[in-house]
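Here is what TrEMBL says about this protein:
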{"type": "TRANSMEM", "residues": "20-49", "note": "transmembrane segment"}
{"type": "TRANSMEM", "residues": "69-91", "note": "transmembrane segment"}
{"type": "TRANSMEM", "residues": "163-182", "note": "transmembrane segment"}
{"type": "TRANSMEM", "residues": "222-239", "note": "transmembrane segment"}
{"type": "TRANSMEM", "residues": "245-266", "note": "transmembrane segment"}
{"type": "TRANSMEM", "residues": "273-296", "note": "transmembrane segment"}
{"type": "TRANSMEM", "residues": "316-344", "note": "transmembrane segment"}
Amino acid sequence: MSSPNPLKNPNLEFKSLLLLVLAATLLFLLILWPFFGAICWAIFIAIVFWPMHQRFVQGSHGRRNMAALASLTVILLIVILPLAMVAASIAQEASLVVEKMRSGEIQFTEYFRRFIAALPEWARAVLHRFGMTDLAALQQRMMAAVGASGQVLTSRVVGLGQVTLDFIVAFFVMLYMLFFLFRDGEQISQGIARAIPLHPQHTRRLLTQFATVVRATVKGNIVVALVQGTLGALAFGVLGLTGAVLWGAVMALLSLLPAVGAAMVWGPVALYYFFTGAVVKGIGLALWGAVVIGLVDNVLRPILVGKDTRMPDFLVLVATLGGIVVFGLNGFVIGPVIAAVFLVSWEMLASARQQAMMPPL
């Protein structure tokens, strides 16, 4: 008669399996961490363009490889190629601005002197109290900052090739992941749903909210950024400012910060015009920024982002800012997603307690 095996303990086996799963998951995440941004954007893009991909699947009579390749080609043509062209234009504008700064055609110190001279006496007194009216000291600080930046850049020139290589590798990892997410997305989502240890109804709600927030945040913020950046570049171009496309791109990037982003660029320029005697230009730019550019933020963003995510505007703002601080540029999507999952989790807990599915805490 065989003796009982002490390892034949279901509870012990389950705990061992759980420990193995946790350890393997942590190690797997550690391996994927260098490509965190590439994987995130592959998931985001797949979710945003999933309805388009489904039409390709239907048109190809279920040939998923062909449909995934078609979806990837469309994304390359309508998203990545235009972004590359805009980036090239921005780089050209930036080099033009730098060249004019070196030649003395653009002198920020002179602009600042005119701005200080045009301010009211009380405003100059406030700036003087903080040591911001001493142009020589400010110029020395700027030169010291430029020198320090130059040393940092010089020390990193050797690593520039590695940075470029890392970007290229991450870019192709994103495309590779995107192809398989399109091809096998349904099986992957079903596998994730089966693995989540929640009631199927809660799992569906959680995954649906995740996809909804990603789709709304990416589409909404990108549309708002493009519109605000274009309107800002148009205004700067009409005013004859050098590097209008560059400043429009800066406004588009900063517009990821709700309510205050684009104003951080056009606001100081409007004040400079107003206090240096170009009152009409200053008032015109301020009105254009507050009414036209601001209207985009106040109307489009709630429609495209807040309506679908069903989150209060203040929570979207805080989640976006916190996400950008923690995760960098990826955070403008990850932040609202985490906030949405947080809200849904607590709503599910409250609902479960009301239905007496679990004992009170």
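For all residues, glycine too, the Cβ spot is worked out from N, Cα and C.
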Next on the checklist: Checking distant contacts: for the transmembrane segment (20-49), what same-chain residues at least six beyond its ends satisfy Cβ-Cβ under 8 A?
Outcome noted: 71, 74-75, 79, 170-171, 173-175, 177-178, 181-182, 185, 211, 214-215, 218-219, 328-330, 333-334
Checklist entry - Excluding the flanking five residues on each side, which residues at least 6 beyond the ends of the transmembrane segment (69-91) place their CB within less than 8 Å of a CB in that stretch? => result 45, 49, 52-53, 56, 60, 175, 178-179, 182, 245-246, 249
